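A.B. asks: One structure, as structure tokens, below. Some questions next.
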Amino acid sequence: MDTQQQQQQSAIQGAKVLMVGAGGIGCELLKTLALSGFHDIHIIDMDTIEVSNLNRQFLFRRSHVGQSKAKVARDAVLRFRPHINIRSYHANVKNPEFDVDFFKQFDVVLNGLDNLDARRHVNRLCLAADVPLVESGTTGFLGQVTVHVKGKTECYECQTKPTPKTYPVCTITSTPTKFVHCIVWAKELLFAKLFGDKNQDNDLNVRANKAASSSKETEDVFELAEDEDIEQYGRKIYDHVFGYNIEAALSNEETWKNRRRPRPIYSKDVLPESLSQKNGSTQNCSATSVDDSAMVSAMPLLGLKNPQELWGLTQNSLVFIEALKLFFAKRKKEIGHLTFDKDDQLAVEFVTAAANIRAESFGIPLHSLFEAKGIAGNIVHAVATTNAIVAGLIVIEAIKVLKKDADKYRMTYCLEHPSRKMLLMPVEPFEPNPSCYVCSKTPLVLEINTQKSKLRDLVDKIVKAKLGMNLPLIMHGASLLYEVGDDLDDIMVANYNANLEKSLSELPSPVINGSILTVEDLQQELSCKINVKHREEFDEEKEPEGMVLSGWTQSRATNGESASTSNNESAVEVTESSSGPEIASKKRKLSETQPENHKRETENVESEDDDDLMEIENPMTVSKKKKRVAYTFP
């Protein structure tokens with residue numbers, strides 16, 4: 001072994017590594033680290049193992065379902081590398097114990113997370129602790145690995161990230177044109193109304209005429225009477241949402257002048273008079289155990305076996321009624337507290353059937369259960385090989401970081417189709433973005449109506465949702481307006497809670513046009529300035545939050561759509577990558593460096609896998625204002 005190899009082996013064996021995430025990428029990564037000679041590895045993951053993980057997270061077995069991913073992964077690797085140190089933490093990386101001091105003990109941090117919020121949190125802790133971060137992600141056949149070293153390369157938040165797309169509520173409730181609109185309606189409105197909190201307000205209570213809407217029956221349409229037959233209740237709901245509500249919508253002629261008119265659908269026109277004799281009683285369903293509630297299914301009762309089969313209107317209607325009956329027969333104790341879960345078979349069946357019936361009414365193509373589940377659960381089905389490739393690339397970059405070989409750092413993109421005869425596209429990292437509010441401390445600008453908007457709106461919609469702060473502190477000059485922490489006394493908590501309900505201009509230190517706010521997160525050791533600009537009016541559809549933040553790393557608007565997002569629960573999130581005209585290096589255009597089919601695949605990712613996905617960036621695309629280092633190819 002030559003001197004260089006000895007130095008590399010010494011760096012590997014002496015390194016203390018933190019892994020965040022033990023899912024699809026994490027399993028591959030832990031195995032690869034152990035086999036590459038790393039001796040001190042720490043793993044954080046808050047998740048437990050599910051059956052759906054077993055096809056690609058190879059360290060887990062069926063007997064491990066329900067157990068901690070981090071602990072089981074540790075135990076599995078120690079069986080073939082018993083002499084190395086692996087410590088597991090079954091916890092959320094955002095917990096207070098994982099602070100800056102905790103991160104400082106590591107030589108490198110390796111991320112395999114599944115959401116933007118957690119990634120931003122780890123990025124900020126790594127910056128504060130001055131510890132290099134290797135990021136990663138996969139979506140189907142696409143993958144990426146990026147290196148982030150404070151002061152040398154961009155941080156994770158220097159570049160724009162695909163922002164979840166939202167749809168206006170009026171589109172979801174009144175004028176759907178895409179199947180995803182029907183899914184959102186079925187999941188966020190109908191399912192929530194029937195099986196979640198029945199007191200929530202939504203547009204499902206519309207009736208066809210004033211006479212009907214004045215009746216007690218109409219007012220309590222979603223309430224199941226004590227002596228009411230469940231099948232009749234299901235038919236009543238069916239007729240209400242697919243029949244009467246559609247008729248009510250049709251009464252507004254102006255809406256349909258330039259749109260295709262929907263067709264009201266009633267149960268009597270689709271279903272037989274009684275389903276009990278045709279399909280058997282729900283009491284005979286084999287899935288009766290409370291522990292197996294997530295596996296209760298209406299499909300066997302109806303002779304439906306293939307989730308990829310496309311159901312017609314009658315089949316969807318049967319599934320709708322039978323699924324509803326099963327919820328009341330087998331899971332009645334859960335009703336009133338349920339939220340949609342992609343791993344809840346009965347919930348997926350109900351939402352699929354409801355979405356398809358609504359789609360039929362509005363002339364939208366129907367989708368199979370398999371397809372609907374992917375949309376409703378935001379799933380892009382993972383590819384184990386991509387995870388393995390990305391895990392290998394992570395280790396390669398980690399070794400470079402440990403050797404402090406900065407000239408050889410690479411951001412590497414895994415492509416679905418070859419470009420220049422390569423499936424792996426290495427790119428030299430970006431330099432830090434001087435406009436990044438996280439690592440360059442550039443002030444942000446917030447346009448807001450300071451007279452109408454409350455401090456709570458600022459905290460929820462901007463500080464937490466957009467800036468990703470968990471324990472925020474907000475100051476205006478020397479006045480402390482809001483703070484979160486366990487060490488606050490009751491009087492301080494009461495004062496801050498009172499401030500939350502005041503408009504910005506009514507605060508003890510009034511926030512008006514030209515005010516400068518200081519916002520900090522003590523756990524992340526992050527601080528930024530927000531310049532406030534008063535604005536009277538906002539476009540309700542394009543700017544639904546009633547405020548606009550500039551200077552943060554939000555996704556650029558594409559195809560004329562606003563990049564603003566809404567916190568409205570009825571919005572569906574769709575990951576989209578923005579595209580730019582050319583890369584800075586050597587003036588290569590996108591079409592010259594990347595095949596069109598890969599560009600299209602990257603830009604149209606519509607959903608997320610449960611544990612593997614990151615926001616996959618377009619590898620050959622960069623804003624004109626961004627400086628990119630020259631490409632280097634192997």
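Just so you know, glycine gets a Cβ as well, placed from its N, Cα and C.
All annotation found in TrEMBL is predicted automatically rather than curated by experts.
Pulled from TrEMBL, these are the listed features:
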type     : residues : note
DOMAIN   : 6-437    : domain 'THIF-type NAD/FAD binding fold'
DOMAIN   : 329-373  : domain 'Ubiquitin-activating enzyme SCCH'
DOMAIN   : 446-538  : domain 'Ubiquitin/SUMO-activating enzyme ubiquitin-like'
REGION   : 536-634  : region 'Disordered'
COMPBIAS : 551-580  : compositional bias 'Polar residues'
COMPBIAS : 604-615  : compositional bias 'Acidic residues'
COMPBIAS : 623-634  : compositional bias 'Basic residues'
A.B. asks: Over the domain 'Ubiquitin/SUMO-activating enzyme ubiquitin-like' (446-538), what does the predicted model average in pLDDT?
C.D. replies: 92
A.B. asks: Summarise the domain 'Ubiquitin-activating enzyme SCCH' (329-373) by DSSP state, stating how many residues are helix, strand and coil.
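C.D. replies: Taking each residue of the domain 'Ubiquitin-activating enzyme SCCH' (329-373) in turn, the totals are 27 helix, 0 strand, 18 coil.
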A.B. asks: Under DSSP, the domain 'Ubiquitin/SUMO-activating enzyme ubiquitin-like' (446-538) has how many residues in helix, strand and coil?
C.D. replies: 24 helix, 30 strand, 39 coil
